[in-house]
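In what follows, a structure is listed as structure tokens, so that the remarks can point back to it.
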Amino acid sequence: QAQPGLVQVQGRGRRKHQAKPPGRWHRSKRSISTPRHVEALVVADRTMMLFHQDGDVETYLLTIMNMVSSLYLDPTIGNFINIVVVRIILIEDKEVEKELNVSDSADDTLYHFCKWQQELNPGDDSHPNHHDVAILVTRKDICSRKSVCSTLGVAHVAGMCQPDRSCSVNEDNGITLAHTITHELGHNFGMYHDTEKIGCSKRDGDTLHVMTPSFEVDAVGVAWSRCSRRDITNFLDQGKGDCLEDEPADNDYAYPDLPPGAMYNAEHQCRLQFGVKEAAVCTPLQEICSKLWCIVDGTCSTMLHPAAPGTHCGKHMWCQNQECVPVVDRPQHIDGGWGEWGSWSECSRTCGAGVSIVERKCDHPEPAHGGKFCIGERRRYKICNTQPCPEGEPSFRAVQCSNYDDKEYKGKNYTWLPYFDQMEPCELYCTDTDESVIVPWGEAALDGTPCNVGARDMCIAGICRKVGCDWTVDSDATEDRCGICHGDGTQCETTSGFYNKSEGLGYKEVVVIPAGSRNIKIEETSQSTNYIGIGVPNSDKYFLNGKRQITLAGEYEVAGTPALYEREQDKEKIRIPGPIKEAITVYAITRSPSSGNEVHYEYTVPKKEPVRAPEYSWVFSDWNLCTVTCGKGTQTSQPVCHEKKSGIVENHFCDGIEKPQPQSRECNLNSCPTRWWVGPWQMCPVTCGKSALRKRSVMCVVSGMDRADLAVPDRDCKKDERPKEVEPCPNLPPCGFTTEVPLIVYADNKDTSFYNISEQDGMTIVNGLTTDEPEILEFDNVVDENPDNSMYNTKPKWTVSRWSHCSSGKRSRKVTCSVPGDCNPDNKPSSVEDCRSGKWITGNWGTCNATCLAKSGVKHREVQCRDRATNLLSDDCNPDKRPFDTKRCYYRRQCYEKNDCKNGVPSPSLCASYRRMCEASSIVKENCCVTCMKRRRHVRHNKRHIPAE
């Protein structure tokens with residue numbers, strides 16, 4: 001949910017620097033379910049190509065997108081959403097990779113990818129390569145603003161159909177990539193995280209909600225929450241998804257017919273999850289559907305994910321919904337059908353015109369097995385309780401703002417008054433009584449809130465809907481200037497005039513407008529430092545700007561009827577639709593004679609009988625709001641039917657007269673102000689210590705016509721306001737240990753969760769999951785073990801990946817520096833080496849013959865050389881690489897009683913490096929010896945997995 005923000009005060013008036021679409025009200029299609037086709041561009045970066053070099057990346061991506069499409073066809077989403085891949089781009093060229101600019105910063109990567117895909121996207125929606133949303137998939141370990149790299153994806157909320165924001169970045173970690181893409185697309189559709197704060201939990205029983213902020217391992221099914229269903233429905237009903245209404249272009253992509261587990265077996269899923277070239281399955285076949293365990297680097301580990309649907313789990317059996325079930329034909333699609341209309345809801349207001357709603361559900365039958373959601377009207381509205389509210393009561397918008405009076409804002413309490421923003425008439429903006437701040441509370445105004453002064457238009461489901469004078473939603477029935485529904489404007493007269501006297505200062509009477517007058521318009525003809533006031537004749541009572549107190553621009557009651565007071569760029573305008581219940585006096589309040597003070601006024605008064613025959617013609621309406629507030633936008637003027645003296649009337653009076661085309665023109669040609677843009681802080685290069693620095697990107701940008709930020713030279717921004725690019729890494733602990741392992745979370749999660757490691761009654765507890773303790777603490781024999789190789793060493797060092805498969809006598813591996821550019825090139829390990837057709841195979845270790853920790857023992861295993869292709873015994877293995885068949889081990893049960901160490905703190909990572917040094921160093925022994933003896937299970941500090949024994 002959007003957080004309240006502060007709108008700065010600029011001079012006399014208040015406004016927000018923004019670029020928004022024009023329009024006072026929205027011609028909605030009521031609430032109608034229509035097919036929405038999301039044309040998706042899927043981009044795989046170079047890290048994907050390097051990792052999947054032995055496989056078909058396109059088929060893998062189509063398998064993933066097939067799962068995404070299935071989740072958007074789930075009936076719990078409440079809409080017909082069809083995900084279609086129209087284009088796949090595989091990045092293999094290094095130069096293109098540089099243009100894409102993928103880094104470990106999720107936010108920076110999103111920024112650059114969104115700009116890249118926008119330039120790539122054909123503007124013509126009918127072009128076969130045009131896309132509605134762009135999806136980047138990478139094997140890069142992306143990180144969010146926080147230091148912990150628990151990020152899986154990032155996207156713009158409500159960015160769908162906005163060319164520069166309809167995009168997401170997603171980290172490939174196996175088949176669950178489908179859930180990450182689905183989640184991020186949900187954000188593009190305006191969905192927020194399912195939390196108690198917005199009224200929806202992360203799960204419903206065993207079913208995990210798609211928009212949960214964090215992954216939970218014990219969920220069985222996946223579905224959309226009612227909050228997600230509400231968010232996407234409102235998004236589409238507000239017209240924000242109109243780009244999705246066109247049919248997708250035909251393409252040649254062949255989606256796999258089999259479920260993902262049948263396409264990629266359990267062993268392949270292990271390789272995908274752990275990012276390795278070689279892995280094996282160590283889960284018993286009958287348990288594989290609930291949790292997939294993999295042998296990686298000789299350790300049986302899990303990412304806590306179940307095997308993918310369709311994974312083989314027995315003879316003629318496969319996994320479905322985390323259960324091993326017989327393989328059967330896929331069930332037939334069942335398309336949804338509408339049920340009966342329900343009952344009308346209670347009116348949203350007790351007076352002043354509210355809204356009542358009636359709905360029907362797509363449950364007769366409910367769509368199933370990929371069937372289509374219902375098409376057609378799902379919700380109807382009618383206006384109710386149209387009688388006026390008692391005189392003197394606060395407006396409906398004012399009542400909504402007063403509900404926040406007891407809510408603290410930025411550490412202070414305020415009394416809130418309504419503020420009307422014509423750019424966002426159905427957003428709830430409130431201002432304090434001191435006129436110092438305007439706060440958007442992040443909520444839509446309630447149904448029935450007026451949204452267009454001078455008309456009956458009102459907010460319905462967050463949209464400013466047109467309401468005719470016949471009290472029908474989306475009706476074209478209008479009142480003429482005389483206040484008569486369907487009238488021709490001949491039963492009243494209009495009076496207008498100018499006031500431009502400049503002598504003297506203070507309150508100068510402009511005109512007295514009689515009771516019963518309508519369509520009152522009062523405005524300054526040019527900018528000035530003066531004001532317009534409204535009061536009661538022969539009285540000290542004022543409605544606006546009275547008694548030398550300036551009124552904030554907004555919506556007020558004047559003479560018993562609503563009035564809109566606008567002040568923009570030192571130019572004032574007052575509109576009162578009327579009829580006013582008492583006469584009013586208009587004042588020109590002169591502060592400076594030199595600035596000029598010309599005021600134009602206009603109002604109509606009723607007449608009992610028409611005095612002439614009407615004369616009609618087409619004229620152009622006032623120009624609507626500019627599409628941007630700076631940087632050159634456009635505005636349009638629509639033809640409307642006009643009576644010669646009465647003004648605007650309903651268009652049907654001009655039937656038979658040729659109607660002209662709408663006009664358009666450029667507007668707000670002034671350049672947009674520049675500002676400094678800062679990216680998120682990058683990851684600290686080390687995990688401990690006080691001297692490390694972190695960096696971020698700082699650029700001078702200007703908001704362009706299409707609302708995208710355009711980079712400009714730094715000299716265009718104020719040099720003394722430039723934010724810093726480098727700062728010390730915050731909150732780093734002294735180099736030592738840590739006891740927290742980050743949980744796998746979705747990218748945009750603001751709250752990082754952790755697995756908490758603790759010991760209870762001699763058992764290791766990982767987030768409440770109990771694990772058996774191994775009897776023997778063991779480690780591979782390593783020659784000249786060096787404590788400087790600890791993971792806590794802050795010096796730059798070379799790291800290597802696993803060797804690739806042997807091919808043509810060569811194999812390769814990836815060699816990287818922990819701090820890019822700072823490693824000694826003379827010490828760089830080789831990335832390519834000769835290899836042989838044979839490979840060393842090791843058996844299980846035998847029993848340790850040790851009797852006490854103070855006395856070491858040994859254990860043995862069988863080592864054989866076998867051909868890689870035939871698995872037969874071979875002699876073509878590198879003898880220098882022969883694995884050890886003997887290693888040292890320790891028995892620890894009796895040593896558990898020795899407790900002569902000091903300051904023991906559980907630290908499995910230190911134990912892994914220092915276990916052998918406990919006997920050799922008194923300093924190490926005092927600080928970690930007890931720890932190393934008491935740890936019952938080795939737990940890696942890595943977001944990716946939790947190893948077993």
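Even glycines carry a Cβ here, placed using N, Cα and C.
Automated prediction, rather than curation, is the source of TrEMBL annotations.
Record check: TrEMBL places Glu39, Asp132, Cys243, Asp246 at the Ca(2+) 1 site, and the matching candidate among Asp124, Asp125, Asp141, Asp257 is Asp125. When the ranges 1-32, 801-832 are checked against TrEMBL, the one recorded as region 'Disordered' is 1-32.
Per TrEMBL, Cys384 makes its disulfide bond with Cys347 among Cys347, Cys426, Cys430. Other residues of the same chain near the Ca(2+) 2 site, with their Cβ within 8 Å of the Cβ centroid of Glu39, Asp125, Asp246, are His37, Ser126, His130, Asp132, Cys243, Leu244, Glu245, Glu247, Pro248, Ala249. Around Cys389 (disulfide bond), taking its Cβ as the centre, 15 other Cβ atoms fall within 10 Å, counting all chains.
Annotation for the recorded positions Cys227, Cys243, Cys282, Cys374: lowest Cβ count within 10 Å of the residue's own Cβ, Cys282. For Asp246 (Ca(2+) 2 binding site), the nearest of the recorded positions by C-alpha distance turns out to be Glu184; the candidates were Glu184, Cys227, Cys270.
Considering only the disulfide-bonded residues Cys161, Cys270, Cys282, Cys313, Cys351, Cys362 (disulfide bond) has Cys161 as its nearest partner by CA-CA distance. Closest to Cys243 (Ca(2+) 1 binding site) by Cα-Cα distance, out of the disulfide-bonded residues Cys313, Cys347, Cys351, is Cys347. Proximity to Asp132 (Ca(2+) 1 binding site), judged by a C-alpha distance within 10 Å, picks out Glu39, Asp125 from the recorded positions Glu39, Asp125, His183, Glu184, Cys300, Cys389. Taking each of the disulfide-bonded residues Cys200, Cys300 in turn and counting other Cβ atoms within 10 Å of its Cβ gives the largest count for Cys200. Residue environment of Cys161 (disulfide bond) contains 19 other Cβ atoms, counted within 10 Å of its Cβ in all protein chains.
Cys300 (disulfide bond) and Asp125 (Ca(2+) 2 binding site) are 50 Å apart (CA-CA, integer value).
For the recorded site, Cys227 (disulfide bond), the DSSP three-state label reads helix.
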